[in-house]
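Data first, discussion second: the structure below is written as structure tokens.
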Ligand code: TYD
Ligand code: MG
């Protein structure tokens, strides 16, 4: 007879405790500990099947190397984020807000793979097969190698995997699946953990590339135990502004590739479309010749993107002026404002300053500093910069402009989009030949950059 155990687990982070607590010691959230009754079943444990095979340690030079085999999807953006395609036997977790387009993305990917003659099994625990069919009609995702099942019971899902023998498996979503041997509700911490461990074993043993869709909590992390992220091979987040049509797919963990890459999609009537030229999209609504607007050449992973930065500086009604930044680190903005005040003598203490990265993308690299400084100065002076100028460079506390990486790629992207001048750190001019047809101005200080921008 299996032993019945009671414990309490946090629904946000998965921390467990033998007694109830008002505040989770793991993540500090209140009222998130819930009781879970768990039958202790003898599972094989979550150890990977690789460990269970009786292999002897081998000298590393005797292990065959070579590239991971990959299944390329027809979707270039998805391939990019995954590091070149889906690795057979890998377990991928895709998280994102409800309604962002996770099911759409995976159904389209399933269709693309099924059209390449792979067998795909799509398990939907949230929508009926009819709803999935309706969506597939809309997306034009009808192929006979794409199997759909509406099921949440793990044992039934296992049977389906046995009978279909898929190459690619989608579980939409992991929070709806339950293992009848575990006596807590679907979506609870132990259910999510057990089911994920199970899918991991299936993926590794059968070599099925498996995608789990995960819900996110209000903090934006994937719901369920934090451990989930450690168990899987890749964690992708699908994000975007609800009111914008485009979506970003970002890897936060990838055992088979880099985590710097993002994929950009646009949601349309026929589902998600890849955006191969993001700069054009981000600049499409740019007003020309308006003060406070500049263009930065930023890097998203290995890809340069040109994005518009907007600043608004206006007299404050508050005792202490407001500093608000969207899409860029708030502390970075405060620093830039302080440099402009101290080194450039701009009197910003009585001014509210807002800085916005247009289009809802997030820019995390310091190379956006210079464009941000020029934007703020432009709005403060109410003087527009030239519409075909591009800026990039990091700003130091003494007002110096510091070098940044990949200057050449940024310049080439600016040239490709028809920009006429690039104002950039002179330190980044070494080691490459600037292309012809675009004027490149190296600067050492913010003061120099401003005098060129407003000349
Ligand atoms: P969905 O994939 O159901 O989101 P998730 O699985 O992440 O919850 O996406 C639903 C949204 O996408 C919904 O608001 C409608 C929109 N949508 C389109 O705009 N075009 C389409 O072709 C499809 C299928 C959905
Ligand atoms: Mg969905």
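Cβ atoms are placed via backbone N, Cα and C, with glycine included.
Residues annotated as domain 'RecA family profile 1' in TrEMBL: 67-216.
Annotation source TrEMBL lists ATP binding site at 96, 97, 98, 99, 100, 101, 102, 103. Reduced to three states, the DSSP call for residue 102 (ATP binding site) is helix. On its own chain, residue 102 (ATP binding site) has 94, 95, 96, 172, 173, 213, 238 as residues at least 6 apart in sequence with a Cβ closer than 8 Å to its own Cβ.
For the motif 'RadA KNRFG motif' (253-257), the number of residues in each DSSP class (helix H, G, I; strand E, B; coil) is 0 helix, 2 strand, 3 coil. Residues annotated as motif 'RadA KNRFG motif' in TrEMBL: 253-257.
The region 'Lon-protease-like' feature in TrEMBL is assigned to 352-455. Averaged over the region 'Lon-protease-like' (352-455), the predicted model has a pLDDT of 94.
Of all Cβ atoms in the protein chains displayed, 20 besides its own lie within 10 Å of the Cβ of residue 100 (ATP binding site). In the three-state DSSP scheme, residue 96 (ATP binding site) is classed as strand. With respect to ligand 2, the binding-site residues 96, 102, 103 contribute 102, 103 as residues with a C-beta closer than 6 angstroms to one of its atoms, given in sequence order. Around residue 101 (ATP binding site), the same-chain residues six or more apart in sequence whose CB sits under 8 Å from its CB are 238, 240, 247, 265, 267, 272, listed in sequence order. With the fewest other Cβ atoms inside 10 Å of its Cβ, the least crowded of the binding-site residues 96, 99 in this structure is 99. Long-range neighbours of residue 97 (ATP binding site) (same chain, six or more residues apart, CB within less than 8 Å of its CB): 216, 239, 242.
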